[in-house]
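I have placed the structure first, in the form of structure tokens, so that the comments after it can refer back to it.
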Number of protein chains: 2
Amino acid sequence: MDQKQQLLLDTVKKLIRRGAYSNLSKVIGKTHPADIAHLFPHLTPKEQQTLFNLIEDTETAASVLSELDYVSGAQLLEKIGQEAISEVLQEMPYDDAVEIIRNMPEEIAEEILSTMKDEHSEEIEQLLKYDEDTAGGIMSTEFFCLPEETTVQQAIDALQQASDVEMVFYVYVVDRHNHLVGVLSLRQLLMVPPSRRLKEIMVTDVISVRTNKDQEEVAQLVERYNILALPVVDEWNKLVGLITVDDVIDVLREEATEDIYKMAGASEEELLYGHKSFKVARLRLPWLITNLFGGIITGYLMWRFRMTLEAVIALITFIPVITGMGGNVGGQSATIVVRGFATGNIDFSTLRKVFFKELRVGMIMGTVCGMTVGLVAYLWHHNIYLGLVVGLAMVSAMTVAATMGVLAPSFFKRMGIDPAIASSPFVQTANDITGILIYFGTATLFLAYLH
Amino acid sequence: MDQKQQLLLDTVKKLIRRGAYSNLSKVIGKTHPADIAHLFPHLTPKEQQTLFNLIEDTETAASVLSELDYVSGAQLLEKIGQEAISEVLQEMPYDDAVEIIRNMPEEIAEEILSTMKDEHSEEIEQLLKYDEDTAGGIMSTEFFCLPEETTVQQAIDALQQASDVEMVFYVYVVDRHNHLVGVLSLRQLLMVPPSRRLKEIMVTDVISVRTNKDQEEVAQLVERYNILALPVVDEWNKLVGLITVDDVIDVLREEATEDIYKMAGASEEELLYGHKSFKVARLRLPWLITNLFGGIITGYLMWRFRMTLEAVIALITFIPVITGMGGNVGGQSATIVVRGFATGNIDFSTLRKVFFKELRVGMIMGTVCGMTVGLVAYLWHHNIYLGLVVGLAMVSAMTVAATMGVLAPSFFKRMGIDPAIASSPFVQTANDITGILIYFGTATLFLAYLH
């Protein structure tokens with residue numbers, strides 16, 4: 001939060017506290033809707049409500065709501081009157097209204113839809129049918145398209161009249177059955193004689209997606225071809241919606257957050273629950289319990305080797321470092337692979353190269369760490385064999401961990417399981433187990449020399 | 001990689017193998033530059049060179065190069081003749097050309113700049129002065145601006161003539177000292193009489209950034225205000241460049257990758273080194289060595305408690321699970337906080353709430369895991385006190401770990417250190433240490449009952 005925002009926040013809080021609503025109303029009247037929205041996470045629910053009710057202009061209220069994350073938006077709306085809700089939602093772009101309705105309890109959502117004007121509620125219900133994570137789920141239905149027979153002059157006239165349409169940069173051209181047949185940029189429109197027909201000047205090679213396309217693939221397309229808007233068509237190639245680049249930016253943020261959360265064994269769903277600790281704990285627990293049993297298996301293996309340990313108690317000193325380093329190296333390799341899959345940098349055809357690279361990197365790092373820890377072991381316990389055992393175990397454990405870090409996510413990806421969620425606990429447990437086996441295995445072999 | 005891409009790749013590889021260059025030339029002539037670029041990661045360096053040399057049209061070659069990541073682009077160019085390089089670079093948008101030159105060895109870069117036409121090299125040298133991660137470093141200098149006295153008709157005429165400009169959607173308006181004073185969308189231009197002057201109709205409230213603005217903040221602005229292009233001004237508010245939304249998408253990807261890598265103790269820099277294992281290992285080692293010494297400290301603490309352990313060897317069974325779970329829980333909390341800082345979802349004003357939430361979540365999860373592992377301990381070793389010790393230690397270790405996961409990144413953030421890089425090893429080591437201390441501390445207390 002920068003200084004300007006902080007100042008605004010302080011002012012708003014002060015004015016709410018004093019009940020100086022007419023002053024407050026003036027202040028927010030001069031503020032950009034996005035900046036108003038930015039205040040909300042820092043206000044109490046009651047302050048949020050007061051502030052939101054003071055926004056007089058419905059259109060501004062709608063813009064503020066569009067900029068809030070959908071969960072907060074839904075929670076805010078639940079508290080204001082139902083007619084006010086419908087009014088605000090009608091002013092919002094349909095795609096944002098749909099997201100907010102998705103995040104409301106079902107009964108409330110249904111009531112709201114029933115109080116809306118038919119033209120709006122039908123449109124919204126149509127959009128609600130698409131899966132949230134697909135092109136249909138994020139597209140806007142307010143786009144600008146014209147028949148192919150239109151002349152340039154008519155197109156310019158139509159553009160001047162269109163008011164309700166989000167960011168017009170391209171004109172999409174359809175045939176009389178509403179099939180998408182071409183596209184034109186506004187700039188191209190300016191560059192040809194007014195009497196030409198669109199079909200003579202349009203670009204016919206339009207990049208479009210089907211409604212059921214996964215949103216992550218949509219983002220990759222927009223990124224790859226540097227386009228600002230992507231038309232969405234149904235199975236008969238009829239134009240049904242438009243995805244603009246601002247939606248794509250939201251998708252990219254969302255998907256990155258999702259991956260980061262998953263890799264740590266959390267879920268982006270917990271953002272919905274805010275500070276409800278039990279719900280958040282419930283989301284994180286399955287992953288922890290998996291790891292818990294992994295840890296118990298590791299413990300069981302140590303228990304099997306207790307004779308070795310009782311014989312040479314100094315061995316305990318290096319248990320944490322051996323299992324820990326295996327986990328770290330495995331985690332590094334797994335992260336590289338999981339992120340590579342997500343950005344398209346790595347796929348199955350390049351996996352072999354990645355595997356051997358990580359193997360080599362693991363060996364190099366293992367050698368450095370093994371020599372370091374072996375030296376520490378020797379100097380500390382004055383036993384060169386202990387140093388040797390610890391060092392050798394470290395090299396092997398780290399090398400194995402690096403390869404495991406590549407294999408696990410690839411395996412899960414191949415099985416159709418999201419590698420981000422599955423790799424972490426698996427890699428960690430596997431590396432703990434192999435680390436302990438290698439360490440105590442080596443120690444048992446050299447037991448005679450360790451005393 | 002989808003089917004179409006796979007087919008294209010197979011075809012290209014086959015034609016290269018056969019030396020069927022004229023056929024290959026035809027195939028790539030019909031392919032979108034972004035799709036050609038997409039093939040490169042799957043080709044050997046030699047194949048890449050052959051393919052690139054077959055692109056006859058310099059403009060297409062430039063587009064392909066723009067779509068490659070800058071490192072591969074630089075590596076590719078190093079191998080083709082120097083004059084060809086200058087030619088291709090001159091066709092590229094300056095911002096992309098600059099990125100490629102940045103990734104070349106210095107001598108080569110200088111030679112290339114000296115063979116370029118002066119107008120191009122001057123522009124590029126100017127851009128090279130800005131820091132890579134700032135608005136100046138990612139902006140394009142080809143933008144469309146007009147004096148405020150221009151009429152709408154003149155503006156439209158000018159637009160028709162402008163050819164070399166990337167994505168024109170807004171017209172920026174400057175005064176006679178080149179200060180940025182207003183903005184107009186193309187659509188607004190279409191909606192007013194041709195004789196009006198730009199200064200009468202322009203929006204004067206332009207959102208712009210200074211050249212030294214951090215690129216992550218630039219991305220946040222574009223995201224917040226849903227704008228497609230952001231003008232960049234110097235310290236005197238003179239318009240010097242333009243950041244378009246496609247650059248912002250690249251920044252978002254890049255920053256997310258950077259954070260993900262850092263959290264795992266890797267660095268996005270390693271993408272530059274491809275499969276050079278020693279360089280990659282050198283980037284990852286500092287983090288590992290830090291953790292290595294953390295692990296040795298943990299081991300030292302275990303060593304201090306060896307009497308307790310020798311007395312009750314069953315205690316070893318639960319060492320991995322206690323340190324492991326602490327690490328996991330701490331990692332979850334740290335991830336939530338680090339990502340929250342990056343997306344702006346969490347800042348210092350909301351940190352208190354986050355802290356108490358994570359504390360509660362940690363306690364809830366600790367209770368569940370502690371009861372589970374305590375039960376396992378009791379059933380396995382038939383000692384209720386062992387179950388109690390293990391369970392209690394687990395609850396405390398997990399609760400402490402959760403709070404540590406919030407405190408560490410916040411501390412580093414406050415100190416001006418990137419929390420993504422600093423938190424992970426610190427949180428992990430701290431949790432290992434507190435976990436061991438709590439576990440053996442509790443065990444030592446109850447030692448009399450554990451036999």
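Placed from the backbone N, Cα and C atoms, the Cβ positions cover glycine too.
No curator has checked TrEMBL annotations; they are predicted automatically.
The domain 'CBS' feature in TrEMBL is assigned to A:139-200, A:202-258. The transmembrane segment annotation in TrEMBL covers A:285-305, A:311-338, A:359-380, A:386-412, A:433-450.
Counting Cβ pairs closer than 8 Å to the transmembrane segment (A:311-338), the top stretch among A:285-305, A:359-380, A:386-412 is A:386-412.
In the predicted model, the domain 'CBS' (A:202-258) has a mean pLDDT of 88. Counting residues 6+ beyond its ends, the transmembrane segment (A:359-380) has Cβ neighbours under 8 Å at 317-318, 321, 325, 329, 333, 386-403, 406 in the same chain. Per DSSP, the domain 'CBS' (A:139-200) is made up of 18 helix, 18 strand, 26 coil.
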